[in-house]
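As written in Swiss-Prot, here are the features:
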- N10, E387: Mg(2+) binding site (BINDING)
- K17, H210, L211, G212, G213, G214, D285, F286, R287, G333, I334, G335, E336, N337: ATP binding site (BINDING)
- R91: substrate binding site (BINDING)
- D150: active site, proton donor/acceptor (ACT_SITE)
- H182: site 'Transition state stabilizer' (SITE)
- R243: site 'Transition state stabilizer' (SITE)
Amino acid sequence: MFNKLVLILNCGSSSLKFSVVSSDNYTTKLSGIVEFLNLSQIRFFWKIKKKEYVRVINKSKSYDYALNYILTKILKEESKIFNNIACVGHRVVHGGVNLNKSVLITQEIIKLITDACSFAPLHNPINLLGIKASHAVLPHLKEKNVAVFDTSFHSSIPKFAYLYAIPYKFYKKFGIRKYGAHGISCQYSVCRSSELLQIELTSLNIIICHLGGGASVSVVKNGVCVDTSMGLTPLEGLIMGTRSGDIDPSVIFFMNKQLNLSISTINNILINKSGLLGLSGVSSDFRNLESEYNSNIRIKLAIDMFCYRLSKYISGYMSVVKGKLHGIVFTGGIGENSSLVRSIVISKLAFLNFKLNSDINMLMKSGKEGFINIKNTFPILVIPANEELIIAKESFSEIN
């Protein structure tokens, strides 16, 4: 007999994660991922109990196709699971000015998420596709769809940290300020760090490095976020797969006036053609870059720049907690799996008494969790991201 289940749709800019989680003990009944969307190949991978399934389509398919395949093929073929879905939880990257906590999705909420698309142009439109698809395939659950926002976690950031030094009216009238992202992942890292470090949540001071196709670093003081690297949009901060991260704003004006590039073209360059892809000239996928770190000068430069900027943010955030840090967390696809990135970054922080256990660091990947620091030095943790657990808990909380 199945307990009530929540279907979780985590629609990202380059992948689509899905899972079905039980309401009683949050065990996963089904999970999967769709990768390489909008390229020449689409790969479906899913797991039910201990059985694994893979389907590869050597043709570019739309996001709509992927969503419909998940909902009408993979899920419907598992009738015991499909028939016990009680609600649908959606990761939504940006809540905009008005949405800073999880909510049941209504037409009004859809409008507010749509209004926030300008803050997250890569993500919110895709998140809305997930909502639309679940409404179409699961119409009986239309009033039991829940939006869980990445920006909610960062709503505790103080005003002096989230404002930009531009005329104040732009904040008051248009909501131009720092909002952050990766908040759901950070929320899980905070909860899990508290358990692993055996420190009360309300006393916990940590720095969380969520490193994937998108990358950010956040500092948590007394259990709540007090600053983060991403800003008004997920473009600010660290170097990312295809995003530039921090640049001098005048670069935009220079490219517009001197190179005669339109604002929309520049926007596309900074979001889709920069970062690791732009620097390396090879790929935005870290898995394709890491193996050539020592043999390709441009790839080495890209990775070194990525690590340099991250180490600067970490050392700067140490001052926010006045040096009273309980640990650094690496999470996200790169954070969890790249021993190279962790090694380079931590080597730059040795003066702060951060030291890696090289042997353990090399082995820490593929879903493993734990400490990778040398004994009696600052704790360094690898915590696999589990946004789905947070979304499940928030979704059940909202419908109940």
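Quick reminder: no glycine exception, Cβ is built from N, Cα and C everywhere.
Where Swiss-Prot records a feature, it is marked here on the structure.
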residue : record                             : contacts (Cβ under 8 Å, 6+ apart)
N10     : Mg(2+) binding site                : L16, K17, F18, R91, E387, E388, I391
D150    : active site, proton donor/acceptor : R91, V92, V93, H94, G180, A181, H182, G183, I184, S185
R243    : site 'Transition state stabilizer' : G214, P234, L235, L270, I271, S274, G275
D285    : ATP binding site                   : G213, G241
I334    : ATP binding site                   : L211, G212, A215, F286, V341
E336    : ATP binding site                   : F330, M364, K365, G367, V382, I383, P384, A385
Which of the three DSSP-derived classes (helix, strand, coil) applies to H182 (site 'Transition state stabilizer')? coil
Looking at the recorded positions K17, R91, H182, R287, which one has the fewest other Cβ atoms within 10 Å of its own Cβ? R287
For ATP: widest Cα to Cα gap among K17, H210, L211, G212, G213, G214, D285, F286, R287, G333, I334, G335, E336, N337 in Å: 19
Neighbour count (Cβ, 10 Å) for E387 (Mg(2+) binding site): 25
